[in-house]
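So the structure is just underneath, and the comments pick up after that.
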Amino acid sequence: MAEIMHVFAREILDSRGNPTVEAEVFLDDGSHGVAGVPSGASTGVHEAHELRDGGDRYLGKGVLKAVENVNEEIGDELAGLEADDQRLIDEAMIKLDGTANKSRLGANAILGVSMAVAKAAADSAGLPLFRYIGGPNAHVLPVPMMNIINGGAHADSGVDVQEFMIAPIGAETFSEALRNGAEVYHALKSVIKEKGLSTGLGDEGGFAPSVGSTREALDLIVEAIEKAGFTPGKDIALALDVASSEFFKDGTYHFEGGQHSAAEMANVYAELVDAYPIVSIEDPLQEDDWEGYTNLTATIGDKVQIVGDDFFVTNPERLKEGIAKKAANSILVKVNQIGTLTETFDAVDMAHRAGYTSMMSHRSGETEDTTIADLAVALNCGQIKTGAPARSDRVAKYNQLLRIEQLLGDAGVYAGRSAFPRFQG
């Protein structure tokens with residue numbers, strides 16, 4: 001296999017106008033890979049460390065230190081290694097960093113190189129990235145979980161829940177699912193305008209109308225689904241990313257004007273699941289409330305997907321504990337939460353072996369990089385969360401999945417309703 005000849009990084013901008021790292025890897029056979037690193041707005045305290053420069057430049061958010069770490073230490077360490085040994089390369093960078101959370105070199109530096117190496121190796125092998133990573137069994141196209149109303153830390157809409165998503169579970173193909181989702185998105189704009197609300201957009205391309213409650217937002221989406229000619233629960237299901245750690249303060253959940261315990265929040269979710277065709281609830285409780293997650297999973301986990309995002313942070317060790325405690329039943333997969341592809345692979349594999357579902361995910365700060373689209377297929381996630389069908393940083397991932405579907409031809413299978421085995425709607 002071709003060896004790594006040169007590793008290089010630069011500072012670029014993400015979709016929110018903040019700096020991020022872009023890494024390039026060149027192999028001795030002329031092959032090449034480039035990758036841009038995403039960044040989150042609502043971040044879990046257990047995530048790998050994103051290295052920022054501080055100071056006045058870019059309001060302290062520059063990444064020149066991370067870029068320097070790639071161009072000097074990481075590049076020197078990886079020169080001469082075979083590019084197809086992803087685990088060896090990732091472990092070399094982890095060892096070089098020497099910290100538990102990649103804080104010395106920066107997870108943003110390490111991840112950029114990790115992804116660029118995989119792309120260069122795929123280029124050298126003459127394979128698309130999803131096939132290079134996933135092998136011949138990589139053939140399942142994921143359900144697009146489209147965030148069409150943005151709230152919480154992603155918008156100024158006033159609603160506490162961070163994301164209201166649609167899942168086109170009734171489609172036969174990914175391309176049909178994408179069309180269905182886009183049609184609902186446009187119908188929602190019409191519904192919002194008819195009610196005299198703002199059609200401004202949040203970080204992830206979803207609308208950010210000023211609504212008073214979770215139910216009001218869900219009602220808007222149900223109306224849009226029907227306006228577009230689809231049946232809620234049959235053609236299009238609903239999903240939530242609550243991001244509850246964002247409104248957890250002093251031991252209570254400050255939700256919709258009241259203060260609630262974990263048990264009271266569980267009742268809120270149970271009522272929502274009974275009232276709406278909800279297939280998935282992400283981060284319903286604070287990120288260290290293990291007991292609360294276990295109780296919630298026992299209460300409603302048989303009929304809805306309970307996803308750990310800030311709760312698991314794509315970390316195999318936290319996931320292992322969650323499996324042992326029967327806390328949640330699904331993992332959100334964000335490559336920059338853990339910082340290398342290898343550790344991401346390990347987390348997804350562990351989840352699937354335990355009967356957990358997995359959802360590949362973007363971050364609110366994205367680039368035109370499409371790696372996660374390939375990873376969703378390569379790792380057989382069955383679900384992908386990458387924003388509304390709007391804004392090129394989000395649509396780039398959907399368009400890549402259209403290309404993958406075309407490449408797969410008759411071998412491609414759309415996950416559809418099967419991605420949500422617990423949903424009884």
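Just so it is clear, glycine is given a Cβ too, placed from its N, Cα and C backbone atoms.
These features come from Swiss-Prot:
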- E204: active site, proton donor (ACT_SITE)
- K334: active site, proton acceptor (ACT_SITE)
- Q162, K334, R363, S364, K385: (2R)-2-phosphoglycerate binding site (BINDING)
- D241, E282, D309: Mg(2+) binding site (BINDING)
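Checking each of the recorded positions D241, E282, K334, R363, S364 against the residue listed as 'active site, proton donor' by C-alpha distance, the shortest gap belongs to S364. Counting other CB atoms no more than 10 Å from each candidate's CB, the recorded positions K334, R363, K385 peak at K385.
Separating the Cα atoms of K334 (active site, proton acceptor) and D241 (Mg(2+) binding site) is a whole-number distance of 14 Å. The secondary structure of K334 (active site, proton acceptor), as reduced to three states from DSSP, is coil rather than helix or strand.
Taking all protein chains in view, 30 other C-beta atoms sit within 10 angstroms of the C-beta of Q162 ((2R)-2-phosphoglycerate binding site). Look at E282 (Mg(2+) binding site): DSSP puts it in a strand.
Residue pair R363 ((2R)-2-phosphoglycerate binding site) / E282 (Mg(2+) binding site) shows a Cα separation of 14 Å.
Cβ neighbours within 10 Å of E282 (Mg(2+) binding site), excluding its own Cβ and spanning all shown chains: 28.
When the Cα atoms are compared, D309 (Mg(2+) binding site) and S364 ((2R)-2-phosphoglycerate binding site) turn out to be 14 Å apart. Taking all protein chains in view, 25 other C-beta atoms sit within 10 angstroms of the C-beta of S364 ((2R)-2-phosphoglycerate binding site). For the recorded Mg(2+) site, residues D241, E282, D309 set the reference point as the centre of their Cβ atoms, and the other residues of that chain within 8 Å of it by Cβ are Q162, E163, L240, V242, A243, I281, D283, V307, D310, L332, S361, K385. In the three-state DSSP scheme, D241 (Mg(2+) binding site) falls into the strand class. DSSP assigns K385 ((2R)-2-phosphoglycerate binding site) to a strand. A straight line from the CA of K385 ((2R)-2-phosphoglycerate binding site) to the CA of E282 (Mg(2+) binding site) spans 11 Å.
The secondary structure of D309 (Mg(2+) binding site), as reduced to three states from DSSP, is coil rather than helix or strand.
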